[in-house]
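One structure is given below, encoded as structure tokens.
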Amino acid sequence: MTNTYRDVGVAGQQDEEDFVDILEERRLSSDLGFALRTFSPQLHKGSPPCSSAELHRAVLESQYLRYVTKEVAMETGSCEQEVREEVCGILGEMSQNLQLRFIRLMAYMMTKVFKTVFSAIFVNVEGLNMLQQATQENPVILMPNHRSYIDFLVISYIMFSYDIPVPVIAAGIPLAGMKIVGEILRRSGAFFIRRAIGSDRLYWAVLSEYVRTVVRKGFAPLEFFVEGLRSRTLKSISPKLGMMHMVLEPFLKGEVYDITLVPISISYDRVLEESLLAHELLGVPKPRESTMGLLKASSVLQENYGSMHVNFGRPLSVRQLCEGKINRCQYNLTPRDLPQKPSADVQACVSWMAHLMVRIQEEGSRISPWSLMACLLLQTPATVLTEQGLLWHRLTEKTLWLRRLALDFGAHLNWPEQIPDSDVLLSTLALHRTVVHQKAGRVFLVWGGEPEGRHPVSPEEGVMRTAAAALMLVSYRNQSLHVFVRPALLATAMSVTKSTERDDLLAYFCFLQDVFSNEFIFIPGRSSQDFEEAGYLLKKCKAVHISQQEVTVSDSGLEVLSFLQELLKPFINSYQLMFRYLCEDADQIFTEKQFLHAVRTLATNAVLSGELDTYEVLSSNVQKNVLSALQRLRMATKVKRSENEEYKVDRAAVGRAGDVLSGKVPPQVLRATPAARL
Amino acid sequence: MASNSSRGSSERHRIAQHRLSVIAGHLQRPLNGDTTIRATECKAQGTRPDVATEMKTVPRRRQEIMKWNGWGYNDSKFIYNKNGQAEFTGKRYRLSGMIIPGLRDWMESTFGATVQHKTPATPVLNTSAVQPPTLNEAFVEGIKSTGIPFSHDPEDRVFRSHGHCLHEIFPLREGKVGRVPDMVVWPKCHNDVVKTVELACKHNVCLIPFGGGTSVSSALECPPEETRSIVSLDTSQMNRVLWIDEKNLTAHVEAGIIGQDLERLLNESGYCTGHEPDSMEFSSLGGWVATRASGMKKNIYGNIEDLVVHIKMVTPRGVIEKSCQGPRMSTGPDVHHFILGSEGTLGVVTEVTMKIRPVPEYQKYGSVVFPNFEQGVACLREVARQRCAPASIRLMDNEQFQFGHALKPQVSSIFTSFLDGLKKFYITKFKGFDPSRLCVATLLFEGDREKVLQHEKQVYDIAAKFGGLAAGEDNGQRGYMLTFVIAYLRDLGMDYFVIGESFETSVPWDRVLDICRNVKARIVQECKDRGVQFQPLSTCRVTQTYDAGACVYFYFAFNYRGLSDPLHVYAQVEHAAREEILANGGSLSHHHGVGKLRKEWMRETVSDVGLGMLKSVKDYVDPNNIFGNRNLL
């Protein structure tokens with residue numbers, strides 16, 4: 001079984017003992033002493049330190065920016081000086097101003113916060129050692145996943161503790177707007193990027209030159225979230241390619257010998273923003289990032305959030321990854337500092353690499369018992385959870401069963417070995433008492449919002465409340481979804497197509513990957529390997545027999561297969577509901593807002609009538625993913641009409657896709673637009 | 001060493017004398033009386049058409065004066081003497097007979113190559129290891145009847161079976177011989193070549209022209225798939241300067257002449273070509289034309305394509321030459337450019353008319369130390385921008401600077417060593433240069449005295465802007481000496497488990513630093529990945545400047561102790577290094593040529609159509625592949 005991402009390596013996670021709790025030492029010694037510790041990181045050879053002013057100047061004086069400035073001036077008809085001033089403005093807004101003083105301040109404050117909020121922060125020392133080595137050899141890119149605001153500085157905090165150069169971090173511009181905090185972040189190494197840059201050529205130019213200069217100079221690692229933003233669903237997000245391309249360019253153009261990518265998986269037992277996220281997904285707007293908001297939110301800091309795992313993956317050489325994929329000679333015939341559209345092979349490689357990084361992040365994450373429980377709870381009818389309750393010993397039994405399956409599938413669990421399993425599960429339950437509670441040997445879902453019985457709740461409101469709780473479960477289930485998704489696609493293919501022929505199964509498997517590639521991360525162009533992997537894993541847990549042409553269910557396989565099929569069902573049902581709505585009821589042209597509203601109403605009714613048994617369709621994330629999937633599959637197009645972006649849907653095509661999804665029609669090859677647009 | 005010559009009645013004679021000492025400056029030992037007399041003699045005889053006949057440097061039996069399995073003259077080599085110190089033997093070079101105290105330490109610290117681990121070469125060729133010749137009797141009879149000398153002696157044949165690539169020399173040292181030519185012929189003039197080529201066509205034998213034998217592109221390797229009789233056409237006996245045209249400043253020369261002879265003969269008349277490739281002691285005029293050679297003083301004199309006015313080449317289709325000696329023509333694509341760089345695939349260059357220049361009045365070496373390589377490159381770029389490059393300007397990186405230092409001969413007085421110490425103190429302590437980062441540019445100025453001094457000032461002023469400090473003539477001169485002795489040094493390395501070679505490229509200015517860094521790093525990494533147990537030497541210099549770019553020269557060597565197939569490892573690393581060069585915008589070759597070593601990259605280098613053009617020329621000129629060395633295409 002060859003797995004590209006396994007070949008290139010997921011490191012440092014074989015031995016659980018490798019993880020050490022960095023808070024342990026902090027609890028024993030003085031926080032101030034820690035903040036004032038001697039910090040002597042070893043810099044990458046040959047690169048002298050670079051102050052932010054020097055960086056600023058290098059960017060401003062680059063040939064590339066001078067060229068773009070001139071072009072933009074010509075296009076807009078303004079004088080070059082004006083455009084130059086605009087460039088300075090953008091750069092001022094963007095620049096980091098990394099200062100060791102502020103790192104120390106952060107270290108002091110964060111130690112205080114972390115000690116109250118987390119019971120432990122585990123890091124793998126072996127990964128850190130490799131990272132330390134790597135920082136001395138080539139420019140390093142730190143690529144953590146993004147699940148919580150905490151992610152933002154925890155890496156710097158760890159670097160500071162281990163004498164590794166503190167990174168320069170790409171952050172969203174809203175953070176810069178926070179009073180004082182924005183400035184502290186800036187001085188801790190953050191640089192700020194606007195959202196929705198769109199076609200602002202000048203902005204792109206400044207940003208990309210800034211990023212490239214940081215990489216070229218190699219005076220500090222660069223940290224960025226390849227997923228682009230914080231995942232509201234705790235599920236990996238399809239990577240954004242623009243930043244990835246900027247980061248790789250200095251290598252592609254030969255300006256540096258190599259670049260080292262370090263995937264980092266941050267896993268939380270419990271995410272600080274959990275309830276905020278669920279409400280956001282149900283349409284309650286996210287509070288604006290503000291210092292006041294932060295202070296108000298400090299109440300969340302009084303709770304326990306269990307432990308946090310930061311797993312530093314094995315450093316990957318971009319040079320090795322690009323081997324045979326990109327012909328670097330393509331940069332020979334144009335000056336390297338002129339803007340150039342990336343060629344098809346570069347686009348494909350950037351996309352591949354970005355997806356690969358997200359997959360490695362997934363593989364490196366630690367799965368908590370709670371996530372496994374969430375998978376099972378979501379397979380229990382909602383009425384059972386809200387009314388009768390689920391038998392605790394039954395849940396325990398199933399969770400232990402699922403633990404074995406997850407281990408069979410190669411997952412890395414965060415499951416304390418020394419403690420009896422029942423205690424592990426009980427303490428897990430205690431940690432998540434905001435979501436479920438146990439009463440008389442049964443487990444119930446906690447209803448969010450105001451206490452019960454103040455005034456009668458309307459049925460619709462009842463659905464929303466259950467949904468809020470259910471979506472919290474969904475988020476935690478999502479933490480382990482990547483472990484099961486490939487076998488689950490195959491299991492679903494087996495049940496939907498009712499075929500045992502490999503070719504039929506593969507065709508449907510690929511179809512599902514096409515439809516769901518906004519939901520789950522699939523490395524482009526690897527469908528058949530993914531299929532092989534799914535088959536291998538199912539065979540490994542003795543759920544199927546595989547021969548040259550056939551995949552058949554084994555006698556003991558039903559339990560596994562039905563679990564996997566159930567796991568995907570919410571997605572299939574949600575998509576089907578929306579497909580049906582689109583080809584039967586919806587106007588042919590609509591805005592996103594109209595769509596979300598209509599689906600919400602429709603779904604609420606469907607849930608009330610018992611026609612639908614999933615709350616996931618109420619998540620705006622799933623709804624938006626359907627729109628992106630349709631666009632990607634060229635079944636819908638975005639049109640711009642009078643300020644509004646509207647969608648135009650090809651009803652017949654959506655109808656066909658629905659039929660294929662339900663198994664009425666065999667899948668034909670769907671034409672997806674390449675996801676590799678930068 | 002640069003002395004002014006006073007202008008007198010026999011001015012030209014004096015200049016010629018001076019010129020000889022100039023060559024000796026970076027090449028040879030101070031002249032002895034013998035040569036002075038000879039120069040006088042030649043002068044007394046005037047410009048005779050056949051001045052060369054009595055002073056052949058290259059005899060037919062080359063092995064009598066040159067190594068059959070190493071570089072250069074039999075009498076000149078690096079050895080460790082009784083005291084364990086490195087010494088250069090013989091009398092030919094400035095370094096000859098001198099002790100080089102730093103070399104052994106350098107070898108040990110750079111390569112981990114110690115005197116205990118020796119890999120001596122087979123001293124004598126075992127002729128029984130040489131395949132008996134496949135002779136084409138009809139052809140042999142034909143040659144006999146023309147009276148052109150020929151041989152099928154194994155030693156003669158082995159000598160002409162190789163150039164100086166590592167993979168050609170290394171097996172010879174172990175006494176291993178592959179496919180060798182079946183016969184060697186020594187035509188004495190253009191007509192002899194015409195006859196030979198006609199016979200070869202008639203009897204379908206394969207001809208491989210052989211000039212100086214200094215190829216480093218596997219160009220002289222006999223294609224193993226060749227089943228016909230292979231005849232090596234040795235041009236060394238066609239070595240006369242046929243005439244000198246003082247009105248137009250051209251000389252008409254037979255193409256087999258080697259660089260040092262050509263320069264010596266012209267000097268006797270007060271002229272020079274100024275073409276000085278590093279191999280000029282042994283390489284031939286015809287070879288320069290066939291590979292598009294470049295000389296270190298090209299900034300003044302131009303590369304070979306700038307120097308030739310007229311070329312005569314014998315091909316299977318007949319003789320190709322232009323009808324006049326106009327300095328430039330607009331008559332379609334220049335047919336000279338089919339010949340230049342044809343690498344022996346189309347025919348034999350027999351006679352060349354070349355530009356000549358009066359021997360310069362004054363010559364001066366110089367050197368500049370820079371705090372780091374980046375500053376050095378910036379300075380060279382500025383010099384090129386202002387178009388004020390001296391005859392030669394080269395920038396060596398830190399490793400090569402240290403290498404040059406290791407080659408310093410034993411100093412004669414305490415005073416000199418004291419001065420050296422002082423200089424070192426000044427640069428590293430007072431000026432704060434990091435000894436592990438600093439690098440040095442070597443300079444050579446030529447022309448009349450005043451202009452040279454003026455020029456020198458201009459260049460040093462530019463250097464100062466980039467933090468460069470003038471570091472004296474001596475350092476400069478030693479830098480140039482290094483390029484002449486490095487090939488001898490490789491033989492010493494091979495005696496102690498060290499193998500290595502050089503390769504080159506040309507690259508636009510903006511990519512010079514990147515290519516140097518990346519290629520050097522790639523070499524180090526590839527060695528590591530392939531199990532080389534010792535840190536390799538991976539070093540470069542910027543060796544030529546142009547308006548739009550520069551020529552970069554890499555040296556790469558490593559200690560192969562512990563490797564089962566060092567040649568294979570070496571070839572893989574070199575291959576990777578070339579890939580890296582191409583990926584960084586470098587050319588396939590600046591002056592070494594393509595041969596068979598680099599021909600896999602020809603298509604991507606010149607495009608499908610380009611390759612097709614070259615192929616169709618080959619198909620027309622040589623349809624039966626008589627010139628079957630299979631280079632280039």
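Each residue, glycine too, has its Cβ placed from N, Cα and C.
Values in this document were obtained by computation on a predicted structure and should not be read as measured data.
Per TrEMBL, the feature domain 'FAD-binding PCMH-type' maps to B:177-359. The feature FAD binding site is assigned by TrEMBL to B:209-215, B:291-294, B:343-349. What TrEMBL records for B:Arg394 is site 'Important for enzyme activity'. Look at TrEMBL and you will find B:Arg490 tagged as substrate binding site. Summarising the annotation, TrEMBL assigns active site, proton donor/acceptor to B:Tyr553.
The recorded positions recorded for this entry are B:Pro209, B:Ala293, B:Arg394, B:Arg490, and the Cα of B:Arg394 lies nearest to that of B:Tyr553 (active site, proton donor/acceptor). When the Cα atoms are compared, B:Gly212 (FAD binding site) and B:Arg490 (substrate binding site) turn out to be 19 Å apart. Reported as a whole number, the C-alpha separation between B:Gly347 (FAD binding site) and B:Arg490 (substrate binding site) equals 32 Å. Residue environment of B:Arg394 (site 'Important for enzyme activity') contains 25 other Cβ atoms, counted within 10 Å of its Cβ in all protein chains. Annotated pair B:Pro209 (FAD binding site) and B:Arg394 (site 'Important for enzyme activity'), C-alpha to C-alpha distance, rounded: 32 Å.
A gap of 27 Å separates the Cα atoms of B:Gly344 (FAD binding site) and B:Arg490 (substrate binding site). Note on the domain 'FAD-binding PCMH-type' (B:177-359): its mean pLDDT in the predicted model is 96. When the alpha carbons of B:Arg394 (site 'Important for enzyme activity') and B:Ala293 (FAD binding site) are compared, the span between them is 17 angstrom.
In three-state terms derived from DSSP, B:Arg394 (site 'Important for enzyme activity') belongs to an extended strand segment.
When other Cβ atoms within 10 Å of the Cβ of B:Ser215 (FAD binding site) are tallied across all protein chains shown, the result is 29. B:Gly212 (FAD binding site) has a Cβ environment of 26 other Cβ atoms inside 10 Å. A 10 Å cutoff on Cβ-Cβ distances gives B:Tyr553 (active site, proton donor/acceptor) a total of 23 other Cβ atoms nearby, all chains included.
Cα-Cα distance from B:Ala293 (FAD binding site) to the residue listed as 'substrate binding site': 22 Å (rounded to the nearest whole number). With the fewest other C-beta atoms within 10 Å around its C-beta, B:Arg490 stands out among the binding-site residues B:Pro209, B:Arg490. DSSP classifies B:Gly344 (FAD binding site) as coil under the three-state reduction. B:Pro209 (FAD binding site) falls within a strand segment according to DSSP. DSSP assigns B:Arg490 (substrate binding site) to a helix. Put simply, B:Arg490 (substrate binding site) is 15 Å from B:Ser215 (FAD binding site) when counted between their Cα atoms.
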